[in-house]
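As annotated by TrEMBL, compositional bias 'Basic and acidic residues' applies to 1-13, 31-45. Among the features that TrEMBL reports, compositional bias 'Polar residues' is placed at 14-27. Annotated region 'Disordered' per TrEMBL: 1-45, in sequence order. Positions annotated as transmembrane segment by TrEMBL: 56-77, 89-111, 131-155, 175-194, 214-233, 245-272, 278-300, 312-345, 374-393, 405-424, 444-465.
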Amino acid sequence: MRRSISETEHSESDLSSGATTESNSSDYEQEDRHHSSRVHDSTTAKRDNVMLPRPWASSGGWMCFLMPLALASRFLNAPPCKEQVHLHLMLTVTAAGMCVETLCFFVYFFADTSILAKCIISLLPGTFTALGFGFCLGTSWLFAVVAGFLMIAGYQHFYVCMMRGFSRCFTYGEASILFQGLMLFVISATYRLYELCSADADAKTFSDFDRLNLIMLNALMWLLILCVLVIAVPRLRGPIPFYLLLGLLVVAVTSAPVTSPVPIVALLQFIFRDPKRLQIIGFYLVLVLLTGATVTWQLRHTVQANTRVRKIFHLLIVLVFVPGVLFQCTLLYLATGIALAAFVVLELMRLLEIPPFSDRLTDAFHSFRDEKDAGVLALTPFCLLIGCSMPLWLTPCPCSGKDTLILLSGILAVGVGDTAASVVGSKMGRNMWGNSSRSLEGTIAFVMSILLSVWLLEATGLLAMTQAKWFATIFAAINSALVEAFTDQVDNLVLPLVFYILVGLA
C-alpha cells in the first residue's frame, strides 16, 4: 500500500508554485525576500522529492492522537444521539486508523528498519482500520478490507502530497490534524449524501439542523472539487476561468436538489421564520464590519501587527460563538461553514493573484502573519476558525441542547484562555517557564479567565454546571494552560481539542 517518498507522484503544477506574490511597497521588501526564499525551498523540495515542515518547531507527532481521542470521548459519558451512532463510530475508527498511519509514517521514513519491518508497517494501518470496521461496525469483511485500505491509502497520499506542495506551512502534527479532519469531512459528507439518496430517504423527516447540515456539506464538497480542479488544471487559475468556476459553485450550492425545497429557498425560510435569527445575523454583520475596519486600520499603518492587535480577532470570534451556541446553535453551525468557505475562496484569490482583491489580501497577509505563517498559506486565521468550530463539527447532533459546555470548548480555550494568557503575559509576565517563552502569570490568567467565564455563564443561568462538570472544567483548563505554555505548535488547533477531550470526561 505504501510507496516511498521518491516513488510518490505529485502534481507537476502545484498550487503553491504560482503562489508567490511580489509587493511593490518598500515596507514589505524584507518579507518578500523571506517569501522568495521559502518558494525557492519549496521548489528545491519538489525537485529533490522531499518534504519541508514548518521551521523553528518540533515535529508535533503527538498531535495525531487528538482527533481520534476527541471522537472517542463521546462514547464515555455522553454517547452520540441514536441516529448518528453508526456514522460517529465509523469516523472514530477511521480517525484511529489515520493516527496509526501517521505513527507508521514516522517509523517508515525516519527510522532505520529492515525491509520486512517496513512491509509490516505498511500493512498495519489498513489492517487496523479494516479490523475496526469489521468488529466495531459489523460490516462485511470484504467492505471492511476494501474501505479500510482505501481510506488509509487516500489519507497517506494526500498527506504526503500536501506536505510537499505547501512546503514549510505545517509541522507533521499540524498536518495530521488538518488532513484527518479533511478526510473525516469527505467520509461524513459521502455518508450523509448517500443516506439522502437511499430508498427510505423520502420517508425520513428532516429537522432544520439536518436540512442545513446537508446544504453545508453539499456546498463544501463542491468547494473541495473546485480546489482540486484548480490544483490539477493550471488553465483554470486565470481570473476568467476562476470566476466562471465560482459562478458554477454558487449555482450548484443554491440549486442542487439535496433538500426539498431547494437549498436557497430552505435557507431563506429558516432565516425569516424566527425574528431572533435576523437579530443575530444583523449582529454578525456588525462584527464582520468591525473585522474589516480592524484590517483596514492596520493596513494604513506600515508596522507589523503585534500580538495584542491579532488578539482582537479572538475577542470578535468570542462575540460570534457565545451567543450562537447559547441561542442559535443551528444558525451558528451554518455560519461556520459559510465562514470556512469564504476563507478558502479568499485564500485562493490571494494565492492565484486573482483581481481585484489579491493585492489587498496579500497586504493583509504580510501585516498579520506571525512566526507560524512560515509558508505560503495564511494558516493562522484558518486555524482560529477551525479550532473554535471543531467542537461543533465533532459533536454528533450538536444542537440538541445537551452539550453546551463541550460546544464552548474551542472558544473558552482559544478565545478566552489564550487571549488572556497573551495579554497578561505580554504586559505582566516576569516569571518565565523553563524552555518556554511563556510566563507563569500568563498561564494563571489562562486558567482563571476560563473559570471566571464559566462561572458568569452559570450565574446568569445560561450554562448548567454540576460538580463533575466543574471538576472536568478545572482539570481541562489547567492542562490546556500547560500545553499552551510549552507547545510550539499552532495552539489554535491544539488547545480546543485538548480542552474538548478533557471536559468531555464529565
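Even glycines carry a Cβ here, placed using N, Cα and C.
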Under 8 Å between C-beta atoms and at least six residues away from its ends: which parts of the chain pack against the transmembrane segment (245-272)? 193, 196, 206, 208, 211-212, 214-215, 218-219, 222-223, 226, 229-230, 236, 278, 281, 330-331, 334, 345
Given the cut-off of 8 Å on Cβ pairs that are 6 or more apart in sequence, determine whether the transmembrane segment (56-77) and the transmembrane segment (175-194) share at least 3 such pairs. yes
Which range out of 214-233, 312-345, 444-465 gives the transmembrane segment (405-424) the most CB pairs under 8 Å? 444-465
Give the nonlocal contacts of the transmembrane segment (175-194) in its own chain as ranges (CB under 8 Å, at least six residues past its ends). 53, 60-61, 63-64, 66-67, 87, 90-91, 94-95, 98-99, 102, 151, 154-155, 158-159, 162-163, 213-214, 217-218, 220-221, 224, 258, 386, 390, 393, 493, 497
Are there residues at least 6 beyond the ends of the transmembrane segment (214-233) whose Cβ is under 8 Å from a Cβ of it, and what are they? 11, 13-15, 165, 185-186, 188-189, 192-193, 196, 206, 242, 245-246, 249, 252-253, 256, 258-259, 263, 266-267, 333-334, 337-338, 340-341, 344-345, 348, 352
